[in-house]
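Reading through the structure tokens given below for one structure.
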């Protein structure tokens, strides 16, 4: 993308006055784009931005499945049985569940925002003032995480099913660091060094993410004198329960995630082989990924009686097909306990975030809308789509509500400590060594006001969860009378597809 000088139209009809008409000369792919009207370009760039968000939702499903396999990894431990004095071989989980939620889940789903903020910081490196694109997106994303995603997680469990947080102590620790993150941000922007970020403030912001991890681990282990004396209910052995859909045959462990309209935007989890496949089987699985990516209509869609809905689903599948084909190049998540697929999924997310950053500049240029406003609204909602999808999947598949709610709470902490802290650290380090000057925040007033509004409204949101726990005994789900659309879903599905479908629209 290139930047050319702004065009100027001079004397018109021989008049003595000069009228300057600023025309955006930025372009995305082709120089000829600048010849189009600003209205047409604005529409095209907004459409491209929305299409990038569809790509983020598509890669999230693969990312989540990769993360599941990472968390399932166990190590062999030999212990001496004190009764029989014999060696007992046990399989111990490598990952602590609380740490997995904060690092793999929350950090991974926040990666679009983190990538966007980091790219914005690198582009502005050497500037006296920090860019507002990253912080604006992160604060807006926090509001999106807290309100719409909490609401979605409440309604996605099956009708009549209740899912509660099993470890209230860990959740309180995560909630404390989430609230403190925004208090800390306000202190650095308005109290200690108003409108200025020093190197030490940026460094302390990043280090607090480590304190969050340490505090959560201590609470999870119930360390004496260091943890809250709050008991927890029985936690399931597996982070995600093992599911074997009945009536299915095959040897592929590939998951085809259906991206459908409205509540049908979801995954179709099909697991046929729980063993580690050999090399030939891995190649067949990888091949199946490409075949599934090019399949536009599933068996479930073909059985629908509603023609309009079937056409809408077919259009959606056609729209998502290029993204699915691109992401099919990500190797199967059975390789290296899911790490290869996990890392490559994050790489794709980072690439999309880079495109989104450029599109935001274009939209701001052709429409005149401040980039901070775009970041706080459109970018915040779009880049938070990965958080929404991951929390939805966790709320559906997991027995408890811990991971679904922890992803929301911890994503907000990650957004501040890493998503804002790392870009600030990059810019302050450069300014410190190059100019011996701190980093100045041009829109600190807007950012501080947004933080105050968010903090005040978030108290009410958390209050709703507490009220549900006291009245219903759980944070997610509820009585069948309050179910979202169970009857409609049952009318659409029939036979084996009804019993085995695990899409997010199911209740």
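Backbone N, Cα and C define each Cβ position, glycine as well.
Whatever TrEMBL says is automated annotation, not expert-curated.
Among the features that TrEMBL reports, transmembrane segment is placed at 43-64, 168-187, 199-218, 336-355, 362-382, 446-467. Feature annotation from TrEMBL assigns domain 'Sodium/calcium exchanger membrane region' to 45-217, 338-467.
Annotation: stretch 446-467 has the most Cβ pairs under 8 Å to the transmembrane segment (168-187), among 43-64, 336-355, 362-382, 446-467. Between the transmembrane segment (43-64) and the transmembrane segment (362-382), the number of CB pairs under 8 angstroms, six or more residues apart, is three or more, so the stretches are in contact. Nonlocal intrachain contacts for the transmembrane segment (336-355), taken as residues 6+ away from its ends with a CB within less than 8 angstroms of a stretch CB, comprise 52, 55-56, 59, 62-63, 65-70, 72-73, 104, 108, 111-113, 115-116, 119, 326-327, 330, 383, 386.
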